[in-house]
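Worksheet: the structure to be examined is printed underneath.
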Amino acid sequence: MKSNYSTYLYKMSELERIVNGGDVSSIFIEQDDVLGEIKNFNYDLYTKYDSLVLKDPQTQNNSPKPPSLEIFILVNLIALCGRINDKFPNLDKFLTHYKYATNIFNLLSENIINSIEKFKETLSKDLPSFQLSVIANSSIVKKDNSIIKFLSCFGSFMKLESIEYFGSVFNSLIGEEDQFSLDLLQVLIDSSNEYKKFLQILEFNQLQKYYDDGHLCLFHSIKFDNLNEFKLLFNDSTWCQQQQQQQQINPQIFWFILCKYNSSKIAHYLLNDYQINKKSLKQKNPLEISPVTLLEIAFLCFSDKIAIVLFSQFNYHELLPKKSKMKHLIKSTSTLINNNNNNNNNNNNNNNNNNNNNNNNNNNNNNNSKNIGLTQYTVLEGYFLINIRTRSRIAPFIEVLTMNGIHLTNDIIHTRIKSMSSDSIFRIFTEQYQQQQQNPLNNNQKQIQFNENFTRQQKIDFDNCPNEIDTFILDKTQCNLITLSQEFSIKVRAFTFYLSFGEIFTCSCEDYKREFSCKHMFFILLNYYHVPRNSYLIYQRQFTEIERYSIIMNIDLSKINSRIYGTPNFNTFFKIKSSPSSTTSPFQSINNNNNNNLNNNNNNNLNNNNNNENENKFKEDGDDEILQNLNRLNYILLRDFEFGPNDITTKLRETHINLFDRLLLIEDNLEALDKILKNFTQKGCTLSRDLVGDRNLLVLVAILDSTSKEKLSLLNKYWPLPEKTKKFAIPLIFFAISEECLKMFIQISPNLVKSTLNLHDWISILTEFALINETFLDHYPLLSAWYSDARSVETSLFRLFTCMDKIDCINYLIQTYLLPIPTFKNTLNNFETCYFFETYFLENSSIKAEQYLLEQELLEKKKQKEKKKQKQKQSKSKIINNPLSSSSSSSSSPSTSNTTITSTTPTTTTTTTTTTTPTTTTTTTTTSSPKQKPITPIKKEIEKEFEKIELTTPPPPLATTKQQQINENYDISIGKFKFNRKEENVLGRGSNGTLVFKGIWNNRIPVAIKQMQKMFNPLISKEIEVLITLTNKNCYNIVRYIDQEEDESCVYLGLTLCDGSLQNLVEKGDNNLTLTQFLGYDINSSSKNNSRLLELIKDIVYGIQFLHQQGIVHNDLNPRNILIKDDRFIISDLGLSKMEVTSSYSFTMHAPTGQEGFHPAEVLLEKRKTKSVDIFSMGCILFYLMTGGQHPFGDKFYRIVNILTDKPILEPLKHNLVACDLISQMISKNESDRPTIEKILLHPFFWNHEKKVKFIDASLNLFKDSNGLFTSKLNKLINYQEINLKNNIDSSSSNNNNNINSNVINNNNNNNNGMATNIPFLSKPWNQLIDQTLIEHIINKQNQLNGVGNNKKVIIYSFDQVKDLVRCIRNTIQHHKEIQRLVRQSPSSNGDNKQEVLDCLESQELVLSYFEEKVPDLLLFLYQKFKKHLDSKSLIYFNDLIIK
């Protein structure tokens, strides 16, 4: 050979180089060398050489198979064609350029094509798809003109499928057009007449199918607005033929597609040059459409670019209707035209339109004469669709309307069907669906099919479902259809609507009791709404609060007299996705019955179609999905809604949602809201002023977040916010439950703070708009008492905020209005401050006396009740202490006589003393001065619980000598608590004078009594509220709250008495019990997680999980707060636990009081505390427990510095890398990097052997994936690990008996900034790590499964590949019994460990343990690699095992 350039060409590595860049013909250095290189290249010798190379095990991985003979010749011909100077050469020019071209291949081997004619025959056959893909993709990506010249020369000889493949690559890679794409499209069109017809087809049913399948078609040019490409593909001759055959295609669908993609260039061409050309040729324009209809369709998709084109073409001020404020409709015109009529009909229609226009002009003149001085506004009314594509176009579209003086009105709706035009796009879709709807089922049929529906739905987990469900529990008033919303895509076959069940719906399952929603709602929906069988339901609840409220506000579905309301607590939303099996396109269905759709005279015959026409199921697909949904639900609700006799049918026709409501309440598109408000108010227009009603304002004011605040500011900018509601005339400031909103209204009108309101009206308006539920007043007893009073109750703003505990609003009013007053004292309590505020600022001072007297009345009733209760207790005490007295009264009361006989004990005096003390204390507390703060709701709840305890607690047993001794030892009695303050009785100490004593409750139950100073904790009621919340929950991993008492200076809490703490267990040993004795093994002697240790760790994790599920942050976790009870860990010291909500931020401002070193950097820097604080502390505690008392940030004196500088020291835990990986994530300095409590439980640290086997199976399935998810890059990643050179764990000292580098920690945190290096995970082949006896029989077993004979042995594993190691483990687990039998039958030899191998093959768990011992870090290594590098598609294999 002269050189080896051609040889390089046929190596796959060289093909990869071609793909990545460079011209195909650049492989040949000089043009003259092209022929010589091809002539001197022997293809046969090359293939024989490569086959020999492939057999060499040292080079087999680097020597892929050679390309096929056809691709070999094809690439050479592309290179030859690239040397021709003509832009579009043909075969003759090719032969002329290479005059020896017919003999080019004669010098090659006999198997190679020896002539051009034979090569043309080869082109007409199927070419290898993968190698053809390399050529097509590389040529089009590089925009290599050689491929254009090749197709120009030889495209006519290629098989149609090969040409279509080039078109598909064009469709997927080409976006905006350029000269290369146009030239390539031209040669594709010219290459085959058949393919040309394929490209220029205009039947929308076929276009939809081709586009969904990835073929090049007209939709590509429309999507990217490629005008020149559109001209090449658009051929309206087929439409002309269809017109002659009375199969005219409705142009509205075509324009709808254009508006969907906002293709303004194509629209401008069709409205100008194309229209002029049709007129010059005296041809009918098949795309002719009314300008108003076209603007309505553009509005439907918010096509701002097309709107600009339309306003440049038409004068819409003459076409659109006009409105005025006083006279509703000034001018109306026909907005749509009927394209089904012939030319004669069109002429007649034109004449009629002219007459109508004349009449309209006359009417206008008359109206104008009657309405002189009224301002008329040109308005646009229509429908809109908001989805991913259109959402960003709302603002620019409305801006275009505003610039052209077009006003939007409140008649712009989302889902109304009632007033649709006769031949509008909505009617086309809806009527067609009605024709093809299947016959609905009656109630009996539904009842029969309910169990089938219940078990047929594969998308729902049935494990927790009851066997029977009452299918008749739901009536019509409980099906509250809320609204319809949609995301559109031609390629995604799915539709969505949301349903909400009413408050009356109930279910007996546990899920419903806990969350007020359950899976059975799905089946009721299936049962009653006759959802198509090929649909399935997905539960969806991820809505913001403002979305939930706004959806509720739009309920208007029934004409029944009673209102139907839901609340956010009871709403359940459903998402229905359809994957129909039918291949019928919606466009095909429309076209097949187009005349019937558009003929208004056939409306009465819609349900009398032939059965054959109903066989093809309507395919719910594309941008018409919402329209089909509307009609489908409307159809079912009107004709198939049979919940009972005499029920008024729910009509979907009444459901609508206004565009303004959508932008104001649901969308977070502030720019669009600003544009629509600007449009509403341009030129002083007030047509839509009534859109801002009480409903909108109350939703925004009552649920004020960052977005709603800006929306209110925008409203106030264009339409000043009213001071009061329209219906009740209540000041809106009374609904401002946040400081930001309060400031806004005070800025609008400072005098609003002097307003008062009737509480009955306030509650009524909150109830009417579903802003509160039936349990609202239960949380505010004082409000409840006012509301239950028949008298008119007036209240002030300050008093309302005080009763509702709105501290931020109260503080703002104090700072703004009261602090500047010299006589105001900041030491007053809230009640006194309220009285002071009302004295100075209320306009109607008479309400002060009324409110004061009412509160005094409530306090007096409470005082009398307590006195009565105290007298009853004293009388019982006298009976017990004085038997004679009780005897004298026996005649009048037999029950008293019985009490006297059984109560004669020597300890009655003590009982009397302890009973009297708490009663006196309680009385003193509750009968305070009139100015004292009223009893809080929490106190009321506590007292109710106390009453329950007193009623249900049996009388104490007779006192014994031991009991008397206990009572004598506890010399202090506070209510039901008894204890003493001796040093040996102190269990613990905290900050601010907090002490914990050992004592008893109810004279017999041992408890820990926590004493807290009131002066240091004025918000102690908040802590009690948290404890009560936890007491009502069933959790065994936290300390239980028992009771609460108080005296003048302290509050006493009774808690579970525990055996000790983790700190004492580790550092001192509780009750002579060491940590080793408590665990049952030496924690420093094993690298494995002992089951006892794992259960104790889970105790801590489950306790924190419970708190976080309740929205509570402990905030002070440390070993001292991990207590021991019944040999388990429980969490204590919830004194700083707070609800994790914004309103309680002021209660978490104080620094934590726990030990140093167990709080993250954000706490040390006094930043906001979230649940991640507990995650950090728990990570430190787990390290403390697993290392026997050491800290992950070193010695006590350096911990704070190491925490702030993020320098953990994990060396003591190097023997347990799985735990080390988990803890390293939990103690990250960046709180966003810490896992949630749910993700912690999914970490491999908590995996049992079943999950580990599941992970191995999932890994193997990924390795065998046929869709290319497991790439060579990923294979390389799992064979190497990235080692951080700054790692705190010394890898050289790690457990590495098998020479495996165990340093896999920080794989998730490497930033590849030069401080990391890649080393093999396996430092030696893994077959050297496993017993040879085992590996030999594993291979033998696999050979048997693969059908290999006994005399042959095939090595089926690569021992340097991690994926093969995983495969070996999985195969051993799967066939462990068979392998064990083979090992048992094999002869023994000296030195082998046959018995050890047999033992490890007893079960899958033992097999897994064997491999974990041999390769200890494999699962963690793979887990980290997959979590870091896999995409969402690949993670599907792992389900819930890996969550990023």
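Numbers run from 1 along the shown chain.
Cβ atoms here come from the backbone N, Cα and C positions, even for glycine.
The region 'Disordered' annotation in Swiss-Prot covers 335-370 (among others).
Look at Swiss-Prot and you will find 338-368 (among others) tagged as compositional bias 'Low complexity'.
Looking only at the zinc finger (495-529), the predicted model's pLDDT averages out at 51. The annotation zinc finger is assigned in Swiss-Prot to 495-529.
Annotation comment: Swiss-Prot describes 584-619 (among others) as region 'Disordered'.
Look at Swiss-Prot and you will find 584-613 (among others) tagged as compositional bias 'Low complexity'.
The coiled coil annotation in Swiss-Prot covers 593-620 (among others) and is backed by sequence analysis.
Among the features that Swiss-Prot reports, coiled coil is placed at 847-879 (among others).
Marked as region 'Disordered' by Swiss-Prot: 864-938 (among others).
Taken from Swiss-Prot, the feature compositional bias 'Basic residues' covers 864-876.
Here Swiss-Prot flags 885-937 (among others) as compositional bias 'Low complexity'.
Swiss-Prot lists 981-1246 with the feature domain 'Protein kinase', giving sequence analysis as the kind of evidence.
Secondary structure from DSSP puts ARG989 (ATP binding site) in a beta strand. Marked as ATP binding site by Swiss-Prot on the basis of sequence analysis: LEU987, GLY988, ARG989, GLY990, SER991, ASN992, GLY993, THR994, LEU995, LYS1010.
Among the features that Swiss-Prot reports, active site, proton acceptor is placed at ASP1116. In this view, ASP1116 (active site, proton acceptor) is surrounded by 23 other Cβ atoms within 10 Å of its Cβ, with every protein chain counted. DSSP classifies ASP1116 (active site, proton acceptor) as coil under the three-state reduction.
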* Across all the protein chains here, work out how many other Cβ atoms are within 10 Å of the Cβ of GLY993 (ATP binding site). => 14
* Work through the binding-site residues one by one (LEU987, ARG989, LEU995) and name whichever has its CA nearest to the CA of ASP1116 (active site, proton acceptor). => ARG989
* To do: State the count of C-beta atoms found within 10 angstroms of the C-beta of LEU995 (ATP binding site), not counting that atom itself.
  => 18
* Relative to the Cβ of LEU987 (ATP binding site), which residues of the same chain, six or more apart in sequence, are found under 8 Å away? -> VAL996, PHE997, LYS998, ALA1008
* Would you mind checking how many other C-beta atoms are within 10 angstroms of the C-beta on ARG989 (ATP binding site)? => 9
* Could you count the residues of the compositional bias 'Basic residues' (864-876) that DSSP puts in helix, in strand and in coil? -> 13 helix, 0 strand, 0 coil
